[in-house]
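Peer 1: For reference, the structure I am asking about is given below.
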Amino acid sequence: MRRLDLRGNAEAMIEWPNVTESGRRELGLKPEELQKSRCVLGSIPVVYYSVLLCIGVPVNVLTAVALSRLACRTKRALYYYLLAVTASDILSQLFIIFVGFLLETAVFHREVPALLLHCVSAAEFAANHASIWSTVPLTVDRYVALCHPLLHRQISYPARARRIILAVLALSLVSGVPFFWWSDMWRNSHPPTALDTALVWTHVTIIYFLPCSIFLVLNSLIIRTLRRRQRQQPCQEEPGPQPAPARRLGKTTAMLLAITSAFSVLWAPRTVVVIYHLYAASVHSDWRVHLAYDLSNMLAMLNTAVNFFLYCFVSKAFRSSVRDIVLLRGGPLFPRSAPPQPHAPNNASISSLYSGSNKRSHREWRPGKPS
């Protein structure tokens with residue numbers, strides 16, 4: 001990397017290898033023996049991450065406030081899962097972008113105690129796992145809602161959603177502990193050890209292969225179910241009350257597909273580069289791998305700031321909530337009248353059976369004269 005020197009002297013533009021002085025002494029390497037990996041992008045990553053942090057954190061905070069309002073008003077588990085995804089994105093921005101990229105790399109040039117590096121590494125991986133795996137309960141919830149609606153009405157409610165979210169966050173925190181021993185690819189030039197290989201494959205499995213497999217299977221089942229319902233809808237005799245729920249489910253499904261697709265696309269390059277670094281060429285020695293790793297990290301971190309725009313594009317309720325917050329005209333979080341009506345669409349298919357039969361029984365009884 002190029003060392004960033006705020007004093008502005010002539011040494012600021014000297015290209016230094018990706019091994020610090022302490023690492024050079026430990027390895028016993030001379031400067032001429034080191035293969036330099038040039039940082040082709042220069043200061044572009046620092047500017048990029050600074051802009052991403054300045055935009056992403058306020059946008060995610062706004063998203064969290066809007067989703068919390070919707071969760072309090074509707075009592076739908078969907079908004080609690082989306083709120084968990086947003087909170088995890090904020091943690092990723094703080095730990096990975098602010099602490100990892102900006103403070104450690106740009107400000108301190110990774111010249112910090114090794115223990116602190118390892119602790120921050122474990123926190124970064126924990127935040128990363130939480131950001132990704134918070135989307136998995138959302139996907140499962142949408143799958144159950146669309147493919148097994150009766151079961152969804154029984155098992156999906158805010159209290160259960162909060163317990164699931166807490167369990168996911170706890171597991172993410174635990175899963176970050178092994179990455180305390182993650183090898184610093186910027187500092188270490190030795191070939192990867194067995195521990196490095198195990199950690200890399202564990203990393204790419206947790207953050208990409210396993211969640212993407214879940215997304216692919218469940219989203220495929222959701223799409224197949226929706227297509228089957230579309231084919232069956234023209235054959236139904238009474239299609240009157242059904243178009244509105246279909247549109248609502250379609251918007252929710254579109255939001256889910258947008259979130260999972262954005263993650264799959266933005267994280268794919270980093271997964272490929274990490275595996276390539278492990279087996280083919282090192283970031284430390286090859287400037288092309290260095291460049292690819294920088295670009296892939298930039299794309300992956302973009303995923304922490306795009307969900308707000310996806311929600312605005314898909315959800316009218318979210319746009320209205322954001323508009324009320326921005327214009328400072330939001331009312332109380334809880335509606336004044338205790339309405340069973342907002343919950344009525346969720347239980348329409350069950351309650352209508354009973355209400356309809358009761359109404360028919362009343363209609364059959366009322367014409368009769370009392371004896």
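Keep in mind that glycine also has a Cβ here, set from the backbone N, Cα and C atoms.
Grabbed the feature section from TrEMBL, which reads as follows:
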- 46-67: transmembrane segment (TRANSMEM)
- 59-311: domain 'G-protein coupled receptors family 1 profile' (DOMAIN)
- 79-103: transmembrane segment (TRANSMEM)
- 161-181: transmembrane segment (TRANSMEM)
- 201-223: transmembrane segment (TRANSMEM)
- 256-279: transmembrane segment (TRANSMEM)
- 291-314: transmembrane segment (TRANSMEM)
- 337-371: region 'Disordered' (REGION)
- 344-358: compositional bias 'Polar residues' (COMPBIAS)
Peer 1: Given the transmembrane segment (46-67), which of the listed stretches 79-103, 161-181, 201-223, 256-279 has the most Cβ pairs that are under 8 Å apart from it?
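Peer 2: Checked against 79-103, 161-181, 201-223, 256-279; highest Cβ contact count belongs to 79-103.
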Peer 1: So, does the transmembrane segment (201-223) come close enough to the transmembrane segment (79-103) to give 3+ Cβ pairs below 8 Å, pairs being at least 6 apart in sequence?
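Peer 2: Between the transmembrane segment (79-103) and the transmembrane segment (201-223), contact is absent.
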